[in-house]
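Each remark here refers to the structure printed beneath this line.
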Amino acid sequence: MIRIGQGYDVHKLAYDRELIVGGIKIPYEKGLLGHSDADVLLHAITDAIIGAIGAGDIGHFFPDTDMAFKDADSAELLEEIWQKVEADGFRLGNLDATIIAEKPKMAPYVEQMKLRIAELLHADSAQVNVKATTTEKLGFTGRKEGIASLAVVLLEK
């Protein structure tokens with residue numbers, strides 16, 4: 001059986017926050033604002049995986065109204081979902097994700113993100129693709145107000 005899921009997330013950039021994308025700390029003057037650590041890439045991936053198994057969305061499992069998830073490490077949230085996926089007999093076929101950000105430039109960190117995500121999903125790094133793009137200074141990402149991410153995942157059983 002093959003299942004496909006897609007995920008999307010966006011977070012606002014804010015001062016006095018660490019910038020964590022794809023499980024990697026990125027030096028920058030701002031970080032992403034959110035209930036958890038606001039890792040926009042891991043949130044999109046988690047949402048894609050949840051969608052692939054037909055179990056709703058990330059907010060169902062980790063509501064932003066629950067203080068248990070305040071400042072939560074998004075890698076731990078992804079691992080929790082991935083344990084459920086593996087227990088159901090699925091494994092990663094492949095994952096393709098895009099980070100949309102004007103600043104900071106993500107390209108120098110993409111390989112580290114790819115390796116970290118593969119580790120979290122018990123997969124080979126060849127099964128994970130992460131890329132970064134801009135919106136050519138258009139929209140909220142172009143104005144450097146936030147960062148968005150898209151993810152598509154294929155699971156196999």
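The backbone N, Cα and C atoms fix where each Cβ goes, glycine too.
The secondary structure of PHE62 (4-CDP-2-C-methyl-D-erythritol 2-phosphate binding site), as reduced to three states from DSSP, is coil rather than helix or strand. Sequence-distant contacts of PHE62 (4-CDP-2-C-methyl-D-erythritol 2-phosphate binding site), defined as residues of its own chain at least six apart whose C-beta falls under 8 angstroms from its C-beta, comprise SER36, PHE69, ALA72, LEU77. Feature annotation from Swiss-Prot assigns 4-CDP-2-C-methyl-D-erythritol 2-phosphate binding site to 9-11, 35-36, 57-59, 62-66, 101-107, 133-136, PHE140, ARG143; the stated evidence is sequence analysis.
Here Swiss-Prot flags ASP9, HIS11, HIS43 as divalent metal cation binding site. Residues within less than 8 Å, Cβ to Cβ, of ASP9 (4-CDP-2-C-methyl-D-erythritol 2-phosphate binding site) and separated from it by at least 6 positions along the same chain comprise VAL40, LEU41, HIS43, ALA44, ASP47, ILE58, ALA148, SER149.
Here Swiss-Prot flags HIS35 (among others) as site 'Transition state stabilizer'. Shown in sequence order, ASP64, PHE69, LYS70, ASP71, ALA72 are the residues of the chain, 6+ apart in sequence, with a C-beta less than 8 angstroms from the C-beta of HIS35 (site 'Transition state stabilizer').
Swiss-Prot lists THR134 (among others) with the feature site 'Transition state stabilizer', giving sequence analysis as the kind of evidence. According to DSSP, THR134 (site 'Transition state stabilizer') sits in a coil region rather than a helix or strand. With a cut-off of 8 Å between CB atoms and residues at least 6 apart in sequence, the same chain places ILE100, ALA101, GLU102, THR141, GLY142 near THR134 (site 'Transition state stabilizer'), listed in sequence order.
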Sequence gap of 6 or more, Cβ distance under 8 Å: name the residues on the same chain that satisfy this around PHE140 (4-CDP-2-C-methyl-D-erythritol 2-phosphate binding site), in order along the sequence.
VAL10, GLY146
Would you mind reading off the Cα separation of ASP66 (4-CDP-2-C-methyl-D-erythritol 2-phosphate binding site) from HIS11 (divalent metal cation binding site), to the nearest angstrom?
18
Helix, strand or coil: which one is HIS43 (divalent metal cation binding site) in, per DSSP?
helix
Could you check the binding-site residues HIS11, HIS43 and say which one's CB has the most other CB atoms within 10 Å?
HIS43
